[in-house]
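Per TrEMBL, the features are:
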| type | residues | note |
| --- | --- | --- |
| ACT_SITE | Ser437 | active site |
| ACT_SITE | Lys480 | active site |
| DOMAIN | 345-542 | domain 'Lon proteolytic' |
Amino acid sequence: MNNKKLEWQYLVPDTAKFADMFNKKYPHLISPLTELQQRLMNCLKQLCHTRSPSRFLLIKAKEEEEYFKLIAETIKSIIPAHSKPIGGKYTITSVRIINWQQASTLEDNFAAKDVCTWQAWVEQEQLFGSLYCYKESINLQPGLVHYVNGGILLLGANTLVSQPLLWLRIKQMIIQQRFDWLPAKENIPLSIYIPSMPLNLRLIIIGDNEVLAALHTMEPDLLRLALYGEFELDKRINNAKDIAQWCSWVNTLAHRQGLQALHSDAWPELIKQSVRYSGDQLKLPLCPHWLTRRLKESVLYCYNKVINATALYESYRTNIWCESYICESMQQDIAEGQIMVDTESKITGQVNALSVLSFSGHPLLFGQPSRISCVVHFGDGEIHDVDSKAELSGNLHTKGMMIMQAFLMSVLKLDRQLPFSASLVFEQSYEEIDGDSASLAELVALISALADQPVDQQIAITGSVDQFGRVQSIGSINEKIEGFFTLCNTRGLTGNQGVIIPHTNIRHLCLNDHVIQEVRNNNFSIWPVNNIYDTLEILTAMPFSNEKRPNLIDCIRERIIKIQNRQERQYLLPFGLRWLAKRVFY
């Protein structure tokens, strides 16, 4: 058994090893995508090549201004400016006849003005231009496709998914390399004939997974037509070179926003917040939107326009405080007993599981302990998942329950069904639950009920379990730990309280200062475990299987044998007495 408590140093990223580096000045990155997004950069170079077979590029990224600007600037550094005018010129005669001719100067009304431009959302007239006719007056206005004719246009995927006709038209024009004037509505023809013009355009579509999937559903051949690239959202930190490159990226973003470079004491605080955002001590975020927002918000707390640790900390703490009303209200309900969660006694068949709550429209995820209970009764060996039967659980939760049952039947090595049936439920849960992160807690509750051995309610659990009893990592580990810690701290820390987490989640820890301080003072503990056996021994003070000591597996088998013996005696009785014996003996 390994029930060693986690030292406080593991609860936050280790920035001390980079302390000497924070005093250095990091220059701005001249070409950020070349250094940080090599896969994406390769895709951009392919698209920009004059002999590229593809005229479309899908990029998985957020539809935020920072992404569009960064990609557009990179493209302009790859594609040289037009050496001669591209596009054309429309002239209107006195008899309402429109003629087109090749552009001779950049001042011509439909001559290309740039090699790349972007628009997150675009309408029909903004993209394709417009035609205005009033009496004898005719006015033609160019659109974005004319503005970057001969170059590359960046559009948000949402605008194409929401306007299917827009996508069909621009796709056809790009493929046929010809711009045709079309009516805004299909059932209303143009009032006048306008000649087509050559169109040499390539299109980049930017969107997240969900929107790109919707676009693929709408256009199944898109992946065949297009290149595909991704904006990688984090950078793995393996050495000092990696951290230096990330610091240069942050200073680059600050410079782009007109901000000063960060003070040396700001780097450890920003790294801690970044790890909290990325969810991994070995990865730092590259998301320009998130980093830029953190820098801008911190400036509001600066006294000399230099972003330091205090400014970063105060802005972050203020944001969390503004978003924590719902979290604090639910914690108060638990503290006042409106939601029942035990944190002191030992109870058979009951476990405190760590869960995370999210509400639509609310930006914050927060952890809350959930009480899982299990009761056993005479039956045919079936384990009833009450939440599943009440249609209050998702597929992942159901899968976790099935894996848990398979492990138990395997480890007990029974030659027949259990003479018990069990009922498992998330108490006081009124919304749908999903995920398998509670399967470890549910298995503990079930074994506790079968063995009739109590579980320490001072310790909460999170983790999923496989069919061999190994504990697997889960998400939102920091929010879950802090949720249980807040409850214990409100009721008073005893020194015996803590949480059990998967050992593989250690690298994901980045807890707040209050939790770290209480762990350092031995008032709160965190136990990393690798399997169900270590978990049970911590919670019940009894090993699962041990030939030399009382153990849980023997308790379960003795109880099964006792029930089976009762059943055999009952069959020797007349029917009426047998019916009565079932109610007397069990």
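Each position is counted from 1, following the chain as shown.
The backbone N, Cα and C atoms fix where each Cβ goes, glycine too.
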Other C-beta atoms that fall within 10 angstroms of the C-beta of Lys480 (active site):
27
Roughly how many angstrom lie between the C-alpha atoms of Lys480 (active site) and Ser437 (active site)?
11
Counting every protein chain shown, other Cβ atoms within 10 Å of the Cβ of Ser437 (active site) number 27
Segment-level pLDDT (mean, integer) for the domain 'Lon proteolytic' (345-542)
87
